[in-house]
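Heads up, the thing below is written out as structure tokens.
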Amino acid sequence: MKIAVIGTGYVGLVTGTCFSESGNDVTCVDIDETKVQKLRSGEIPIYEPGLEEMVKRNIKARRLFFTTNYEEAIPEAKCIFIAVGTPQTEDGSANLDSIWKVAETLAPLLSKEAIVIIKSTVPVGTNRKLAAQLKSLTGREVDVASNPEFLKEGAAIDDFSKPDRVVVGVSRPEVSEVLHELYKPFLRTEHPFLSMELESAEMTKYVANCMLATKISFINEMANLCERVGADINQVRRGIGHDQRIGFSFLFPGVGYGGSCFPKDVSALISVARNQLMEPTILNAVDQVNTSQKRVLFEKINRYFKGDLKGKTFAIWGLAFKPKTDDIREAPSLVLIDQLLEAGASLKVHDPVAMENVKAKYGEQLSYFDHHYDTLDDADALVIVTEWNEFRHADFDYILHKLTTPVIFDGRNLYDPENMTQKGIEYFGIGLSSVKDKS
Ligand code: UDX
């Protein structure tokens, strides 16, 4: 099938590449000339395991093309996926300017059989608005479909190629059949293709992300409460997770969720609800808990050093919003860095892949180290913000020897508190029953 994908961000690039991998003829369109030049030579603008090899392989097989010119992609395409950004506006709603601009540009080039599919996360009602706009631009009915994407950064190829489910919103069954055919190589009996109304598909994406964000804010609030009452969230997690209705997944306490999706989508759904004159009590709380959770590490550090952080040096391990990505959008590390700098501390930082992005934001304000152990020289404490695998089995004797004060603040509960005590390291995690932490 001939496919066009508009927008070569995370979702667009992975979508285009995975569809070409399953034998389709895919042209990806982006307005950024430099980006397109790089992509043509197989250089990808993001860090995503396995993606670069897949892009190169499909370019070589002449199934994957990149262009800035809509005319090279749209007229022959049966399916046109729109995967442009829908950033958050100041009032929390999604900014759809890019979607409308794309619609205007592609309308005159559409073939009669074309289906225009929105992959970007968009508020309920957007697909119907797009259909109306395409009708007024072309003077005829154009098939529109909603096809939200659930992939996670760092596992994008796997998530796309083995999705838990594929959701499409359509206004007639024939459109659903075409999309079902396209997705067949990725489906299994237990990974179904779910076809529904446009509005339900749009809502599914928000509800999925907001449900996951709710789990995180809930467990973070419980973790904070565990600390205060002398309970241990790890034990509690085990205690609740065996109940199959609850389960274990996505209930790891930490320093709050970040990234390009959860914060934006929670705000957007709040805005959708308010437009319907409904105040979404739970979503508001999820957002508030997350904002304060991003400050929890600083509060622990500040309390330990009795409010005197001026001139102190901290080693920070992990800057990306989660492991296996260089993405620092809405990352909890940024909140911590701002707070520590404001308090007059010096920061020695390391991240396996996100350092360039942090450098672009903070420049000389931070000291950057290629190896995480090199951040420890003369540091007053070690602070862990992202749970990269390489931090999991640390050499504690070395850490102890290097730190001025033998203390670790761990925002991801990577280490065994008892082991830390035996080593003579003071250890503060999230939701652990450390007596010292309850001051
Ligand atoms: C998310 C959704 O998972 C995905 O389905 C959607 O398409 C886009 O948004 P992503 O933003 O890549 O994907 O990251 P994800 O792995 O879901 O993690 C989001 C945040 O939640 C991270 O900051 C992570 O550290 C945090 N998190 C996750 C927790 O704090 N605890 C957990 O138990 C799980």
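Every residue gets a Cβ built from N, Cα and C, even glycine.
Heads up, TrEMBL stuff is auto-annotated, nobody curated it.
As written in TrEMBL, here are the features:
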BINDING   Asp30, Lys35, Thr86, Thr121, Glu153, Lys264, Arg329  NAD(+) binding site
BINDING   Phe150, Leu151, Lys152, Glu153, Lys205, Phe250, Leu251, Phe252, Pro253, Gly254, Gly258, Lys322  substrate binding site
ACT_SITE  Cys261  active site, nucleophile
DOMAIN    315-417  domain 'UDP-glucose/GDP-mannose dehydrogenase C-terminal'
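Feature annotations (TrEMBL) mapped to structure.
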| residue | record | CB count, 10 Å |
| --- | --- | --- |
| Asp30 | NAD(+) binding site | 21 |
| Lys35 | NAD(+) binding site | 18 |
| Thr121 | NAD(+) binding site | 22 |
| Phe150 | substrate binding site | 17 |
| Lys205 | substrate binding site | 24 |
| Pro253 | substrate binding site | 28 |
| Gly258 | substrate binding site | 25 |
| Cys261 | active site, nucleophile | 24 |
| Lys264 | NAD(+) binding site | 20 |
| Arg329 | NAD(+) binding site | 16 |
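Cβ neighbour count for Lys152 (substrate binding site): 15 (other Cβ atoms within 10 Å of its Cβ, all protein chains included). By the rule that a residue counts when its Cβ sits under 6 Å from some atom of ligand 1, the binding-site residues Thr86, Thr121, Lys152, Arg329 yield Lys152. Counting only same-chain residues at least 6 apart in sequence, those with a Cβ under 8 Å from the Cβ of Leu251 (substrate binding site) are Lys215, Ile216, Phe218, Ile219, Arg237, Ile240, Gly241. Rounded to the nearest whole angstrom, the C-alpha distance between the residue listed as 'active site, nucleophile' and Arg329 (NAD(+) binding site) is 9. Restricting the binding-site residues Asp30, Lys35, Thr86, Thr121, Glu153 to those with a CA within 10 Å of the CA of Gly258 (substrate binding site) leaves an empty set. Here the C-alpha separation of Lys205 (substrate binding site) and Thr121 (NAD(+) binding site) works out to 7 Å. The distance from the Cα of Lys152 (substrate binding site) to the Cα of Thr121 (NAD(+) binding site) comes to 14 Å. Between the CA atoms of Pro253 (substrate binding site) and Glu153 (NAD(+) binding site) there is a gap of 19 Å. Residues Asp30, Lys35, Thr86, Thr121, Glu153, Lys264, Arg329 are listed as the NAD(+) binders, and the farthest two of them sit 25 Å apart at their Cα atoms. If you take the C-beta of Glu153 (NAD(+) binding site) and look for same-chain residues 6 or more apart in sequence within under 8 angstroms, you find Tyr10, Glu48, Gly259, Ser260, Lys322, Lys324, Thr325, Asp327. It is 15 Å from the Cα atom of Thr86 (NAD(+) binding site) to that of Phe150 (substrate binding site). Here the C-alpha separation of Arg329 (NAD(+) binding site) and Phe150 (substrate binding site) works out to 18 Å. Looking just at the domain 'UDP-glucose/GDP-mannose dehydrogenase C-terminal' (315-417), the mean pLDDT is 97. Within 10 Å of the Cβ of Thr86 (NAD(+) binding site) there are 23 other Cβ atoms, across all protein chains. DSSP assigns Lys152 (substrate binding site) to coil in the three-state reduction, outside any helix or strand.
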